[in-house]
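Database features, via TrEMBL:
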DOMAIN    42-291  domain 'G-protein coupled receptors family 1 profile'
TRANSMEM  26-50  transmembrane segment
TRANSMEM  62-83  transmembrane segment
TRANSMEM  103-121  transmembrane segment
TRANSMEM  142-165  transmembrane segment
TRANSMEM  201-223  transmembrane segment
TRANSMEM  244-262  transmembrane segment
TRANSMEM  274-293  transmembrane segment
Amino acid sequence: MTWGNWTVVSEFVLVSFSTLSSEIQALLFFLFLTIYLVTLMGNVLIILVTTADSALQNPMYFFLRNLSFLEIGFNLVIVPKMLDTLIIQDTTISFLGCATQMYFFFFFGAAECCLLATMAYDHYVAICDPLRYPIIMNRRACAQLAAASWFSGFPVATVQTTWIFSFPFCGPNRVNHFFCDSPPVIALVCADTSLFELEALTATVLFILFPFLLILGSYVRILSTIFRMPSAEGKRKAFSTCSSHLLVVSLFYSTAILTYFRPRSSTSPESKKLLSLSYTVVTPMLNPIIYSLRNSEVKAALRRVLQRTLGPQKI
């Protein structure tokens with residue numbers, strides 16, 4: 001197939017970390033493999049513990065289970081191919097494979113932004129309107145909020161991916177990233193992409209910045225309510241309830257906003273790779289650790305599950 005005088009691209013080459021020496025790439029492989037396994041085990045453990053323990057059957061842990069499912073999906077989309085490029089130097093990815101990876105990256109990314117906003121709303125109701133909390137955050141409402149968060153990933157993933165891969169790719173085909181993210185892929189298009197870039201900016205504002213503003217607004221109200229509490233113990237419990245989620249949000253959004261809202265002229269491809277590693281690889285590993293270490297209920301539930309599984313004498 002040809003497009004004018006150019007050969008139409010049928011596959012892409014992920015530059016990944018190929019500019020580094022083979023020794024450093026081997027070290028990165030073992031580092032990222034360890035992070036990958038810890039991420040999978042940590043998030044699976046969160047899902048199992050919050051499902052098995054009766055004390056954790058409330059909206060907060062229901063949304064946490066959903067977050068763990070999202071983090072697992074996020075990792076499965078990005079990390080295996082990255083490990084492949086590091087250990088066996090298989091940097092090629094088919095046209096369809098690149099489109100599929102981008103689709104699910106958009107899907108899980110948008111869904112996670114909305115789910116983090118939903119979790120902030122849950123904390124807001126729990127602290128600012130505790131008497132009506134069981135009524136507002138009933139099972140049906142929680143299921144609808146979770147479903148809406150997951151569904152939000154479909155329109156942005158479908159529109160963005162379909163639009164990008166309807167453009168002609170006439171060569172070169174080297175994607176300067178470790179996965180098929182939209183900016184390095186759209187840079188390879190041999191057509192006018194200004195309209196798409198405007199739509200992409202709109203989608204980024206809607207699915208990254210708008211949920212972030214909702215989270216920010218929720219925490220302004222939460223902090224205002226906490227500071228008015230007369231009891232020091234009440235303040236401590238309220239801060240404890242929010243601290244894990246607030247830390248997770250800070251880690252995820254700080255790197256995502258730096259990646260997608262910085263001017264192109266001030267962002268080198270290598271710095272963007274490092275920022276992308278933060279929210280695609282490191283943050284999904286830290287989330288279960290943060291919720292396990294900073295949450296006494298999760299630690300107590302984990303001990304109970306281990307006692308039932310291994311016996312009290314082995315704990």
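A Cβ is built for glycine as well, from the same backbone N, Cα and C atoms used for every other residue.
The transmembrane segment (274-293) is in contact with the transmembrane segment (26-50), judged by 3+ CB-CB distances under 8 Å for residue pairs 6 or more apart in sequence.
Within the same chain, residues 109-110, 113-114, 116-117, 120-121, 123-124, 127-128, 152, 156, 159-160, 238, 242, 246, 249, 253, 256-257, 260-261 sit at least 6 positions outside the transmembrane segment (201-223) and bring their C-beta atoms closer than 8 Å to a C-beta of that stretch. Outside the transmembrane segment (142-165), and at least 6 residues removed from its termini, the chain residues within Cβ reach (under 8 Å) are 59, 62-63, 66, 95, 98-99, 102-104, 106-111, 113-115, 117-118, 121, 182, 185-186, 189, 196, 199-200, 203, 206-207. Tertiary neighbourhood of the transmembrane segment (103-121): same-chain residues 60, 63-64, 66-67, 70-71, 73-74, 77-78, 145-146, 148-150, 152-154, 156-158, 160-161, 179-182, 207-208, 211-212, 214-215, 218-219, 245, 248-249, 252-253, 256, selected by CB-CB distance under 8 Å and a gap of 6+ residues from either end. Looking just at the domain 'G-protein coupled receptors family 1 profile' (42-291), the mean pLDDT is 87.
Outside the transmembrane segment (26-50) by six or more residues, the chain places 17, 20, 56, 61-62, 64-65, 68-69, 71-72, 75, 79-80, 82-83, 86-87, 281-282, 284-285, 287-289, 291-292, 298, 301-302, 305 with a CB less than 8 A from a CB of the stretch. Counting residues 6+ beyond its ends, the transmembrane segment (244-262) has Cβ neighbours under 8 Å at 67, 109, 112-113, 116, 119-120, 123, 204, 208-209, 212, 215, 219, 272, 275-276, 278-279, 282-283, 286-287, 290-291, 294-295 in the same chain.
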